[in-house]
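Undergrad: So TrEMBL lists the following for this protein:
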DOMAIN    43-186  domain 'MOSC'
DOMAIN    252-374  domain 'FAD-binding FR-type'
DOMAIN    477-560  domain '2Fe-2S ferredoxin-type'
Amino acid sequence: MANAVGDIPPELLTPFTTDTILEVRTGKIQNMPGLSIPTGIFKSTHSERLGLTDMGFNGDEHDYTFHGGKDKAVHGYCKRHYEHWRARHPEKADKFVPGGFGENLVLEKMNERNICIGDVLAISTPEGEEVARLQVSLPRQPCFKLNHRFGIKDFAPTTYETSRTGYYFRVLREGSVGIGDTITLVERTYPQWNIERVQEYLHRDTDNEAMNVELSQLGVLGAESKERFKKRAAKAERARRRKELGEDEKAEKWRPFKVVEKKEQTPRIVSYVLETSVPDPDADERLRPGAHARLKLGNGLLRSYSIVGGSANRFEIGVALADDSRGGSKFLHEQVDVGHVLEVVSITESVRASKAASKHIFIAGGVGITAFLHLLELMKTVNWEAECHYGIRSMNDIPFRERLDALGNTVKFHAKDEGQRMDVKGIIDNIGWNHHLYVCGPPRLMDTVVAEVARKGISQDDVHYEAFQADTSGDPFEVVVENRGSRQLKVGKNETLLEILRRDIESVPSSCEAGNCGTCKIAVKSGRVEHRGTGLLEGMKNEYMLSCVSRGIGKIAIEI
């Protein structure tokens, strides 16, 4: 089990029996400083007794998107943890004071190592009268708001890596609570499951199948964590079942999808809704935003398209007719109508939201909005702050117009015919602390953003490029696959290494096939590579290449 960074005071490891409530805190919903995101993290202490119901303290407000509810009625935090954080981040010492984590109860000794899921706790007045009962329900799941609250990038993960997140209680008996009350353990059903050990399998040892199953069946564990363990256990069970059936997990599985809807979004962009009669029993009911599908078209071409919504068994895509179409968009626009059947080989996630960012900045052009539309809608639903700059030809040339209009001020249109050219330099210059940038559009827009990001010195970790048009052609080159008997291959000028490996050796994992994600990276043992795409960090380019877009120069040696 991972240990927390720094020494843990011995008294915090002592088995818990009783503690004292040092502070009782509540707060009203307000915006995070510098953002328009609602939060209840700022809480003030009270000297008077406060009423406590099964939804929390009277007057305490929650952003119910992720907080509050019966499993999270009361948040507790150990005062001694602030000593650790001040020592670790002395430059932020003034922020690490009781109440900093948005807790309702500031406690002297109770912490993640000495309380267990399901513990029943009695709260009593100094005179000994029991006034309420709580039950430990969940470890806290920190989010980006802690990063913003303390001004420390990626601070939230360190809280669960060190098991200093705090913990939630559900209310078993309503009453009133005040400073100086005692909180006493009256029942412990699961002594093996203290908060720290739950966090071990929730965040650190996530593939432990036996523990995922056990925790998914822990009745008193709150739904937020229990559902995550259930999904992991189910995924492992499906993998075991496929193995028993002798199925190759790497093998591509094609499924037929019928076009059930076709709609002209603009004169250049058409949307298609595809539905299969061969459902995937392992697929989630809803797709995560940022997914895309790889289709086999009737003319033999393979193309990937961003999904703007739906499930693994019914989804919608938007396709622009490219001026220089190599057959993909032209075939779909001119030959595919309702009733047409296409084959889909994979649906994979490409664009992942940066969960640590305080604000999300999107730059899109033309059909590039399809990569981000579903994600923007999700961010609005969960109260994440997003800003989208969308370059279009005209205000009459906007795909998925109703959905974009529903996003309100989140989307700023830049119409070319009205002289509203997108000021990429200005957008990049205004990117602030802990903001994340997402970019998708035609090559000229992508190149401009890449140059401005480099000029501003923004880290690659803070940018996601989602190319939908990749140039994969180039001079032929030779390949030696060292770990496959030094097999020699040739890649033609209009072929990709990924295609040749799949055809002549074995299936190589891939996702976007436009150089965005890095799924298809392979090890380069010797030789020179012309790197393309954005899926590799600079530090990885000496050892890897993207087999979907990058090309060797002359002769290279690889391992797969």
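Glycine is treated like the rest: Cβ placed from N, Cα and C.
Keep in mind it's a predicted model, so treat the numbers as computed, not measured.
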Undergrad: Could you give me three numbers for the domain 'FAD-binding FR-type' (252-374), the DSSP helix, strand and coil residue counts?
TA: 16 helix, 56 strand, 51 coil
Undergrad: Restricting to the domain '2Fe-2S ferredoxin-type' (477-560), report the mean pLDDT as a whole number.
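TA: Value for the domain '2Fe-2S ferredoxin-type' (477-560), mean pLDDT as a whole number: 89.
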Undergrad: What does DSSP give as the helix, strand and coil breakdown of the domain '2Fe-2S ferredoxin-type' (477-560)?
TA: 14 helix, 32 strand, 38 coil
Undergrad: Per DSSP, what is the residue count of the domain 'MOSC' (43-186) in each of helix, strand and coil?
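TA: For that range the per-state counts are 31 helix, 47 strand, 66 coil.
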